[in-house]
Amino acid sequence: MNFEAQLEQIPLKLYNTASRQKETLVPLVDRHIQMYTCGPTVYNFAHIGNFRTYVFEDLLRRAIKFFGFSITQVMNLTDVDDKTIRGAIANGVTLDEYTQPYKDAFFEDLKALNIEPAEYYPAATDYIADMIAMIEVLLHKGIAYRGGDGSIYYAINKFPRYGCLSHLHLEDLQAGASERVAADEYEKEHVADFVLWKSYDPERDGQIYWESPFGKGRPGWHLECSAMAMKLLGETIDIHVGGIDNMFPHHENEIAQSEACSDKAFVKHWLHAEHLIVDQKKMSKSLGNFYTLRDLLNKGFTGTQVRYLLLQTHYKTQLNFTFQGLDAVKSTLQRLNDFVQRLYEVETAKAGGRIEALEQNALKGFAEALADDLNISAALASIFDFVREVNCLCDAEQLSREEAQTAIELMKKFDDVLGVMTFEKREEVIPEDLEDAFAKRLQARQDKNWKLADELRDFIHQRGYLIEDTPHGARLKKA
Ligand code: AMP
Ligand code: ZN
């Protein structure tokens, strides 16, 4: 079956936060997608709430590739902002010394969660010159100005499209709009001119500052993403993604900065993942209701189990974290992996002739669900239907070894998107005393010592093994 040609025909529809509609993904150039994903602030270990967003982004990336596009993905590392500076000062270390262990931990966690590496992981501190250049353009255009505290701010009323992503109406916010906000993070009620360059305060910032034409200081968080996205991907990009809390003010401010600089549309397609919640509250550091991936690995769960838990709920639905949910994942994954092992063990020689239709149907169901704004539950349902149907074929010995091989290929294709299955052939280790009993039984049968042969067979059965007749002779098999 030629999977690739079939899949390229299916339009991939994704919800666009900007238009509040599902739209077909049409790349700006050829069949290549440029995607920017807001990465972690490396002031601490990322929690599994953060990873819900990153696992979703990985699903999106893999789905884009599944439908035959190539992709360049950037995920930034925010290594300078209010929180990292506060952490470095509190611990009496440099910013680099403070953030490096969290950067390292983040990459370890990505690996454990089987998240495909992005093409670029720019650290904000390596792009300060690009941020300064953008501020100069904004000052030159009269969109940025110096505030009384010496910091440079973005005048949101100079950008008429301000609010286009979060659907805010500037005219309704006149009172707020005349204020300024110097903090990196703030809520919708505080919509205001936001900081582009935060001027240095020795008491607050210790030795952490950069020189610039506007004096010592450091960039605002929102500017960091604009600068890195445009530098690495260009002025207009296909897709920009983040958690829903990033939509305002972070992404709104990114649009304002980038579009005012370039006079071009910044992003075609915005996607936002809903939160992982605990008891109806967002999982977050500030509420203290969080688990890091390490916490869960230490409790004996695997990265794959956590990945599946985060993956199996549609990204636009809040996902309530519970340990029961995580426990349930274990048996789900076992079902998939046992199925693959069973396919490896098929030895029937005669083709049943029914597998191709089942495969076509499963692939169609999976692909169409995925193409419908990544409808993961329907996509998974297609796979589990396929597993059930093929298990029936195996039971009825209507699946040949060659046919089983094509079913394995299809499961691999599904797993290119899911990233949760194991395709290593399990080598069954049979206890030595059983091998011994098995050999003795063969000898007993040759010697026509039926009594001993039966005793040995019973011994083997009691230990949970069967003696299976195959075309190549008898062998031991777990019952
Ligand atoms: P931060 O390190 O706080 O900048 O967050 C990194 C990413 O994780 C952002 O895209 C956030 O929107 C996302 N995020 C934070 N908390 C959660 C949560 N509870 N559920 C899902 N995503 C989250
Ligand atoms: Zn960002």
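Each position is counted from 1, following the chain as shown.
The backbone N, Cα and C atoms fix where each Cβ goes, glycine too.
Worth saying up front: this structure is predicted, and the values here are computed from it rather than measured.
Listed ranges 157-161, 232-236, 282-286, 312-316; the one TrEMBL annotates as motif ''KMSKS' region' is 282-286. The range from 40-50, 194-204, 436-446, 458-468 that TrEMBL describes as motif ''HIGH' region' is residues 40-50. Among the binding-site residues Cys38, Cys225, His250, Glu254, Lys285, residues whose Cβ is positioned under 6 Å from ligand 1 are identified as Cys38. The helix, strand and coil residue counts that DSSP assigns across the motif ''HIGH' region' (40-50) are 3 helix, 2 strand, 6 coil.
Only residues 6 or more beyond the boundaries of the motif ''KMSKS' region' (282-286), in the same chain, are considered here, and those with a CB under 8 A from a CB of the stretch are 44, 47-49, 245, 275-276, 321. Annotation for the binding-site residues His250, Lys285: lowest Cβ count within 10 Å of the residue's own Cβ, Lys285. Glu254 (Zn(2+) binding site) counts 27 other C-beta atoms within 10 Å of its own C-beta, drawing on all protein chains shown. For Cys38 (Zn(2+) binding site) paired with Lys285 (ATP binding site), the C-alpha to C-alpha distance reads 18 Å. Glu254 (Zn(2+) binding site) sits 24 Å from Lys285 (ATP binding site), counting Cα to Cα. Checking the binding-site residues Cys38, Cys225, Lys285 against ligand 2, the ones whose Cβ sits under 6 Å from it are Cys38, Cys225.
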